[in-house]
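For reference, the structure is listed below as structure tokens.
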Amino acid sequence: MAAAPALKHWRTTLERVEKFVSPLYFTDCNLRGRLFGASCPVAVLSSFLTPERLPYQEAVQRDFRPAQVGDSFGPTWWTCWFRVELTIPEAWVGQEVHLCWESDGEGLVWRDGEPVQGLTKEGEKTSYVLTDRLGERDPRSLTLYVEVACNGLLGAGKGSMIAAPDPEKMFQLSRAELAVFHRDVHMLLVDLELLLGIAKGLGKDNQRSFQALYTANQMVNVCDPAQPETFPVAQALASRFFGQHGGESQHTIHATGHCHIDTAWLWPFKETVRKCARSWVTALQLMERNPEFIFACSQAQQLEWVKSRYPGLYSRIQEFACRGQFVPVGGTWVEMDGNLPSGEAMVRQFLQGQNFFLQEFGKMCSEFWLPDTFGYSAQLPQIMHGCGIRRFLTQKLSWNLVNSFPHHTFFWEGLDGSRVLVHFPPGDSYGMQGSVEEVLKTVANNRDKGRANHSAFLFGFGDGGGGPTQTMLDRLKRLSNTDGLPRVQLSSPRQLFSALESDSEQLCTWVGELFLELHNGTYTTHAQIKKGNRECERILHDVELLSSLALARSAQFLYPAAQLQHLWRLLLLNQFHDVVTGSCIQMVAEEAMCHYEDIRSHGNTLLSAAAAALCAGEPGPEGLLIVNTLPWKRIEVMALPKPGGAHSLALVTVPSMGYAPVPPPTSLQPLLPQQPVFVVQETDGSVTLDNGIIRVKLDPTGRLTSLVLVASGREAIAEGAVGNQFVLFDDVPLYWDAWDVMDYHLETRKPVLGQAGTLAVGTEGGLRGSAWFLLQISPNSRLSQEVVLDVGCPYVRFHTEVHWHEAHKFLKVEFPARVRSSQATYEIQFGHLQRPTHYNTSWDWARFEVWAHRWMDLSEHGFGLALLNDCKYGASVRGSILSLSLLRAPKAPDATADTGRHEFTYALMPHKGSFQDAGVIQAAYSLNFPLLALPAPSPAPATSWSAFSVSSPAVVLETVKQAESSPQRRSLVLRLYEAHGSHVDCWLHLSLPVQEAILCDLLERPDPAGHLTLRDNRLKLTFSPFQVLSLLLVLQPPPH
């Protein structure tokens, strides 16, 4: 009899195949319903709950109580350990047997004392393979343990993913049984789903699309789910289709297993350790079953955690790394934020990361890997270069809210001209699942068609871990070379970039920062974290400098290398892109603040020890030692301690990177300089402060009505306007609360107005003049501020204390300037850049809120106004108004973010000429690195001493530290950078006993051709604009 005609109506045929593989419909008779065969419950199930994250050896000793499917456990952040005793039926010999496990929370299976696989419903891992084929002599009974964390892949938000965690959330075990798994059914399901994807993805205008649909339809015709003997016929139809290969010009997709794990975010740091174990042990299991599978893993910190907590797993990771399947990438300690960390902190990310990878895996990383961060500094290309990296992968700019970035593969040129090859996976994700839709998008979305014929495809569940699955691998292997689709190969990042480099002649170049047009609120959210970051960067800088000087001058001093490494790693951990940005839950923020407190406490102890060793043995009176940790001479007013806890103001002079003695506190007398500060309060309540350099006038409510550069009489405040104007905005983003501030918030501006008569004189003049006032921001929030002007100081400081209790409000302070310019300048890592002050294009107005470090400046020819700060990052200049972002009040994922008391200082500096010539850079450093008054040992040094100085103000000596390699060898590393944006030759003056000077890279590897000539304790150095140079100084043996 002739076969019935196939009518092949598109919709009915397509839906017929969909129902044949559906997990929801007709599972009693479709193919999906045959995925598992015979099943039986586990023999014995028992459990115990604990609020602790216990090691396996301790957990298995606890008292397990009977449990059953349907039981609830919790609450959030607790752990439920299950003991699962299994008996496999004799009738299952020759079959593949799985433990099927479905529970809320994230599970980890332990077998014979070692972790073997993660189990997470959200990560599509709900079964563990007990045996591929049950043998006649295989044991029928065994005991497993399943450690279930009471949190999901993405935390435990109450009502939404990014909401604050629900502390009372309960979790449930919904399935625990043994079942026979039909691998042949699984492979047929993979093929049918791929054919459906091709049919839908290529569309009705494509011949190959119909071939895919008709092949799938014919497979349904020949496949009887109840008769497995029909499966090979269907499989042959699929193989014939997928065996039809494409042409040589096909785009090649490099598929790399990936598992992005946020080091902390919607869960605490300690849970990340377990997420790593769950995800990576599953990846290793996949490597054993799929020798061609390659998995990329970043973040040295996470590997260090696993090494400490799971040594057996870590040994296996090293084994698979040797095979080339587990590939460490990134080169950094964590995937840090790309905006807020200082330049030196970014260097340390690579220094700690690359040294870890070299020590643990035998080689450094060749690719920088930062798929998920909130922008990318223009100095990153130079920092990468200095750390041996020329390749960079990320994808976050696909989140841009306004403009689509024009490239996926391109060269990125940094501030100094360094270039790196950059690739954004065109599928706009680092968590692909191997679907045809994603494969087609990777090609269709590629903005460099014709210039680059290779793309990355990162597959695996991510953010909260999870990683790849066997199903994803099966899909990608099936699509390796199929007509109508790009070629897919399982590949490593090194293979991808090598392919891109081999055909890079036509790639375009992007110059400057990679600005993310989203998440602008992260420059301001969680102000206490931002302050801790800035303070701890300073503390570690100062400890390293003083410890280095003590090492050079004292044979007995031991440089605290191990302690400093620990403190640096805490700081680098906090610079993870969801911690320093403030986009984390309350628990993480509190842990971060504890890390900062550890750095402050231990750092100050190390500082005192280094200072004591530095000046030991020099004759002089007891008293105070004033230390200057910056590379230029400073003359400043200091508040020095007196007996009884009081303070006395003194004008001190301290040389560059050195110290000066101060007489004992009892003899301190405030000596008036030739030009003291004058303070005058008018009858209307306004106050004028004048130090002969600048004259400051405040209205009776504390607003700045005039700021004059005395020598020229030039007014800095715009006519008819007032500065130091606090403004409040409504701050309700579209979704990402802690992350985003939207452009429309600018439409809600409300000036905060004070009451006349609240301004009062504080310090009445002489060495210092000040005035202070109170301001009620709202019924719930208030601030107090002291406006301070010191002798000889080119800027006026605003010491501010805020009691902040708001919801979805944004506090800023504005300074309208009598300056006109289309560009404003902002400090970034190791330099500065310009951004527009207008909204001409969409690229301009997308930058309505930007980031800066210690200063920003608005200048016209001959004059400018700089706004400095000691712990803020959010900023903007719109027209002629300089605005500093102070506080936000988001409610997710931390409902308490920014609530409470805050202290910070900002300063305003009018200047003649350019900001470079006026010393704005030095002034901002001085604001952030106050002189140190340390108790001098007895006897104290009698004279001043300077260790280093630089002949050019364009060059900043940023860092002095002991060299990392061979601590026994007395070597220092100095890091300098050109800060003005100029070519410059300069002399570095040394007062230390230096034996040899060699140029080195940022990883402190000497340049074979970099030996420098030391003449008269000076080194000549040559810089190009914004260039960072590192020197290795070998010290002479100290006198005994």
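Backbone N, Cα and C atoms are what each Cβ position is placed from, and that goes for glycine too.
Of the residues proposed, His541, His566, His577, the one Swiss-Prot records at the same Co(2+) site as His260, Asp262, Asp372 is His577. Distance noted between the C-alpha atoms of Asp262 (Co(2+) binding site) and Asp372 (active site, nucleophile) is 9 Å. Those same-chain residues not listed among His260, Asp262, Asp372, His577 yet with C-beta within 8 angstroms of the centroid of the Co(2+) site C-beta atoms are Ile261, Thr263, Trp265, Glu335, Pro371, Thr373, Gly462, Asp463, Phe576, Asp578. It is His260, among the binding-site residues His260, His577, whose Cβ has the fewest other Cβ atoms within 10 Å in the structure shown.
Put plainly, the recorded positions Asp262, Asp372 were compared by Cβ crowding within 10 Å, and the winner is Asp262. The two recorded residues His577 (Co(2+) binding site) and Asp372 (active site, nucleophile) have their Cα atoms spaced 8 Å from each other.
His260 (Co(2+) binding site) sits 9 Å from Asp372 (active site, nucleophile), taking the C-alpha atoms as the reference points.
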